[in-house]
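Taken straight from TrEMBL:
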TRANSMEM  44-72  transmembrane segment
TRANSMEM  92-109  transmembrane segment
TRANSMEM  116-136  transmembrane segment
TRANSMEM  156-175  transmembrane segment
TRANSMEM  201-223  transmembrane segment
TRANSMEM  229-249  transmembrane segment
TRANSMEM  347-369  transmembrane segment
TRANSMEM  389-408  transmembrane segment
TRANSMEM  429-449  transmembrane segment
TRANSMEM  509-533  transmembrane segment
TRANSMEM  553-575  transmembrane segment
Amino acid sequence: MEFLNIDKLGQREEKLGNSEEELTLDGTVDKHGRPAVRATTGRWFAGVLLLVNQGLATLAFFGVGVNLVLFLTRVMGQDNAEAANNVSKWTGTVYIFSLLGAFLSDSYWGRYKTCAIFQAIFVAGLVSLSLTSYIFLIKPNGCGDEKMPCRSHSTVHIVLFYMSIYLIALGNGGYQPTIATFGADQFDEDHPQESHSKVSFFSYFYLALNLGSLFSNTILVYVEDKGMWTLGFWASACSAILALVLFLIGTPRYRHRKPTGNPISRFCQVLVAAIRKWKIEQPSNGYELYEGDGRDLADNGSRNILHTKEFKFLNKAAIITSKERFDNPWRLCPVTQVEEVKCILRLFPIWLCTILYSVVFTQMASLFVEQGDAMKTTVSRFHIPPASMSSFDILSVAAFIFIYRRVLDPFVASLKKSSQRGLTELQRMGVGLIIAIMAMVAAGIVEHFRLKYASIDCSHCTNSSSLSILWQVPQYVLIGASEVFMYVGQLEFFNGQAPDGLKSFGSALCMTSISLGNYVSSLLVSIVMRISTTDNMPGWIPGNLNKGHLDRFYFLLAALTAADFLVYLLCAKWYKYIEFEERSIRKQVEEKQGDLRF
């Protein structure tokens, strides 16, 4: 094996001497499994292709998601609270499936195969929804607008509908975290120019996500609001098909990372090995711990993680005893494997603090839409669909990405002087929480004044208040600004702080915080409705919003987010950034080149 490794290393050196055959230093390979050539793989050609793919897939997803709450009320006949809860559960399930996609990507399938399979499932779900809506649900034809109600549906029709939208949830959920990490893989973080591009990619990725939904939140939402649901769903299906085709076209140019095996077993090995040695005394320093032979790292470009002092009990898994067998990972684990477990444990409190932010974020797809539906939606005879107001969120995201990257980040970096970067990821996430509090306060104030100009006795609440829907603009703009700081910061933070073999899992952490945020939102709505409907009161979020107090719910979210921010400050201060050794492949090449020069 040593001769084979030296031979591979010699081949890499020979190619490194030729500028046209310069290889990447981060361990990525081409579609044939050979070391990736920098000039012919990855970089912005592959990156832009994946950004366009993300934009089209997002257009398809939000073509369904952004108006789903209105589809449930107008077509499926659900009330406001039930529809809001079902949207929150569905959206939450989308992001729960991101864990499945990340697991398969990091462990077995690799990122390319995972993206391709889950995109195919996504397409199947959209086609099924389009057919189900056309054949069974939109009856009589033209129903589902603000005027014509749809007739009741059989159990079979309802089952087909939910099967379709949860196929969409499975496909999009499994694809999302993997495509983000796969896009980042196209840039060599050990190369000066490409490492800068990799940081920029996450901002452009989130921008592509939002620009992709702009069409959904304007044109498609207008079409669906007029009752042309099937046309809107077919447009989403076609967009998803085009996204899949573009993804497959780029196959020869992609860089890949080899899957590293099941991380669950690696985590369990550390825990079992540490428990078996719980009586053994800790060594005085980390130099006495088992470092491993590094053979598994040389082939995939992974890096050793430096020893840390936190979670000292886990260090016992790397203590070498007289009875130790080096080939039994359930008794002895290298320091890097122990540090992988510590890394996830350190990320966990930060991740928990992001969940409540996602509760705020999810209101755009549910209560913000219902609030807008109960306002004056016409401006100079032009009808504004309530769900299309999220386009202001998208424009805000685009504007604040530019403002942060071009103005704020350089300005903060100049103030710090000692650093080339501005705000850290943790600082940006904290700023996102502060802006989210402001967004909820703004939404509560708008709702307070909406109620003042509302007709309490309206039967359906559509356009029941004379307050213009444009008063919702500030809350959407503030949500968009908070996303740039929170979600872009999350993508960079979790991807950068995850071990090399768990990068998709790092991206999935961002998605699952959104998932749990949706479930927590659904739980909060249920709790609030149960408490506030006592003594024959209609509750804060009744079917007729004019008889409720949605403003109080918004103020409650602002208060909870403020408390979450205080906890986040403590967790961020406690957090210790992961430190890697130099990447094994690069280190071996440089050492051998030094020997040859000597």
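Using the three backbone atoms N, Cα and C, a Cβ is placed for every residue, glycine included.
Below 8 A, the CB atoms of the transmembrane segment (509-533) and the transmembrane segment (92-109) form 3+ pairs separated by six or more positions in the chain. Panel annotation: around the transmembrane segment (116-136), residues 57, 60-61, 64, 75, 101, 109, 153, 157, 160-161, 163-175, 178, 229-230, 233-234, 236-237, 240-241, 243-244, 247-248 of the same chain, lying at least six beyond its termini, place a Cβ under 8 Å from a Cβ of the stretch. Touching of the transmembrane segment (201-223) and the transmembrane segment (389-408) is concluded from the presence of at least three CB pairs under 8 A, sequence neighbours closer than 6 excluded. When Cβ-Cβ distances under 8 Å to the transmembrane segment (347-369) are tallied for each of 92-109, 156-175, 429-449, 553-575, the top count falls to 553-575. Panel annotation: around the transmembrane segment (553-575), residues 346, 349-350, 352-353, 356-357, 359-360, 363, 367, 426-427, 429-430, 433-434, 436-437, 440-441, 443-444, 447, 524-525, 528, 540-541 of the same chain, lying at least six beyond its termini, place a Cβ under 8 Å from a Cβ of the stretch.
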